[in-house]
Amino acid sequence: HEGLRRVKRAWVIPPISVSENHKRIPHLLVQIKSDKQQPGGVIYSIKGPGVDEEPLGIFSIDKFSGKVFLNAMLDREENDRFRLKAFALDLGGVTLEDPTDLEIIVVDQNDNRPLFRQDVFMGHVVEGAEPGTCVMTADATDADDPDTDNAVLRYSILEQGTTSMFTINATTGEICTARPGLDRETVGIYNLTVQAADMSGDGLTTTATAIIYLEDINDNPPEFTKEEFSMEVEEQAAGVDVGKVFVHDKDLAGSPNWLAKFTILEGDPEGAFAIRTDPHTNDGVLSMAKPLDHEVRDRFELTVSVQNEQPLEPTAPASPRALATVRVRVRDVNEAPVFRENPRRVSVLEGTPPGTPITTYTASDPDTRQLQTLTYALLYDPADWLQLDPHTGTVRTKRELLHPSAFLQGGWYIALLLARDDAEPPLSATGTLSIEILEVNDHAPRLQPLAGVVCGRPGRGGTLLLGATDDDRPPHGAPIHFQLSPQHPQLTHNWSITRFNVTHAVLAVRVELPEGLYSLPLLLRDSGTPPQEQQQLLNISVCHCGREGTCEDGVLATATAGAGITLGALMIILGSSVLFLLLAGLGAARVRGRRRALRQGLLQRSRDDMRDNILNYDEQGGGEEDQDAYDINQLRHPEFFSPRAKPPMRRDTPLSSATPPAPRQLPSSPSDIEDFINEGLEAADGDPSVPPYDTALIYDYEGSGSIASPLSSIVSSLTDEDQDYDYLSEWGPRFRRLAELYG
């Protein structure tokens, strides 16, 4: 075939092998040669990785001789072979031969140690595991050529302690148990030194650490630290801790295999004790479930057992249950007295006289081995009805207690007693005394109403409903029996009484009776034991009957004038009363408003300093604070009222009033002041010219130049008939005299 040409053998280059890490550099690898020699020679060149591609400069060629050289050390782990292209050219650069392949193979050397995947391997296995139980695999790698012995690894355990409890698979590195007897309580952690070697165990080596933890199983029961424990507790203490019993368990602390459970087997038939486990220390805590009484029993001997919460493993060695004896001494303390019967319930008749014994309510002291004395006191006696003997506890009545009373609750009187011992410190107890006040039939029934109106004709309209009340409580009250007085048997000819219910009866006219007022003696008797009865008068007004059996108009009013009040009359009276109250209220309001207006005119203060001080007139005697408002010297010095001096005049004195005569001679001593004022009053009453505004008013003169008006100017525009002086009685003791004169 024309397309096929024979390639000459000299230009075909077989693969060239060179060892990695070759140190003699440069090193001749091969010489290539073209069969087409030219007179001027052949130029050789190579291209590819290691020449003009990364990594650069590893290989080179002599372009005239065709020798290929190694210029650097090779690492098979980085490049295990190089594929290059070789070229042959003439001096003009024309290709003489087609490019040929030049493959350089790097031969491996054992220059890499094995490497474990991690420096420390960790594994877990339960204690007591059977031989051959695998824990973990400690494997390694080697970077050398896996097709050579340089990468063939072998594993071994260099160190694992005094006992060879584990073995390792030489080819896989899997670590397994080698023998029985793994005990966490003896050795809990194993540290193994593992080795990996290449060249099938004869080459380079490396080591790693394998840590194996033994997992706990419940193969050790708890045990008491000693066989007997002693404790003591105070009597009457409940819910308190008495003491601890100590145990030891070899299993892992805090695990369910270690946690203990305690049981009281003997010595506590009443269940007075309880025992629990302290979760932190695993000890048993003995506590009181019920209070103890030293006087009943002062010592206890308990048998306590302990075991784990989790059951023991079947492989654990058999052992008896751990038992311990706990001796508890009950310490005596002072106990409070006790009322054995609480509350005490007794019954007393109503109206029991003072000093009557009710009951003896005593307490007992539980401290029978201590000599103590109890005393008693009333702690709560709201009605102050009882008296108590402090030594014997005897309760007596202090005063009579009757129904009804605000201190009774459903007929019961409640009191509290206090019992106290004489210990140090003293203790006390409270007892409740419930006294039932038994009802006594001491009230007779009362008739209601005591009057009524009936028609004088038998039948319709000739009846009256009677009622009665009884202050006694059942069963001493109703039913109440009504009857006409047996002392007047003739009443039964005209009247009859029939029972209506337990508290009412119906009075009926038996024959036609004339109009008028009738008094019927009735006998009322209750159902008490013994029964109480009382005779009472019933006033009956018999009226003229109309067609419908009712009293005719006009007749009823006349009849009721001397008899009971009917409903219509009662409504008329009530309406009249309400109307009267309204009118009286309106009148009082009008008078009060008029008085208020007058007071406001009198008491309105000026912005200037007036010396009236009318607000202080309710102070009796004046005193030091009232000296400026009222100057008694005006009455004691007659020179102020001499004929030469002009007497003070009222502003509201009528202009037509004649000038009063010259003032009378003033008294020389204060004792005559009252007589002086009375004489001035008589003179004023006899003066027909003006109302009393003159000499009688000298006593209230407030000084010269005062801008305040005299007291007589109040409502001066009114006549005596129009003025209302009743308000003077409300101004205090100083105006009492004026109120008597003008009020």
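A Cβ is built for glycine as well, from the same backbone N, Cα and C atoms used for every other residue.
TrEMBL annotations: computationally assigned, not manually curated.
Pulled from TrEMBL, these are the features on record:
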| type | residues | note |
| --- | --- | --- |
| DOMAIN | 10-116 | domain 'Cadherin' |
| DOMAIN | 117-224 | domain 'Cadherin' |
| DOMAIN | 234-339 | domain 'Cadherin' |
| DOMAIN | 340-447 | domain 'Cadherin' |
| DOMAIN | 462-556 | domain 'Cadherin' |
| REGION | 640-673 | region 'Disordered' |
| TRANSMEM | 567-589 | transmembrane segment |
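Per DSSP, the domain 'Cadherin' (340-447) is made up of 0 helix, 47 strand, 61 coil.
Broken down by DSSP into helix, strand and coil, the domain 'Cadherin' (117-224) contains 6 helix, 48 strand, 54 coil. Each residue in the domain 'Cadherin' (234-339) has a pLDDT score, and their mean in this model is 90. Per DSSP, the domain 'Cadherin' (234-339) is made up of 0 helix, 46 strand, 60 coil.
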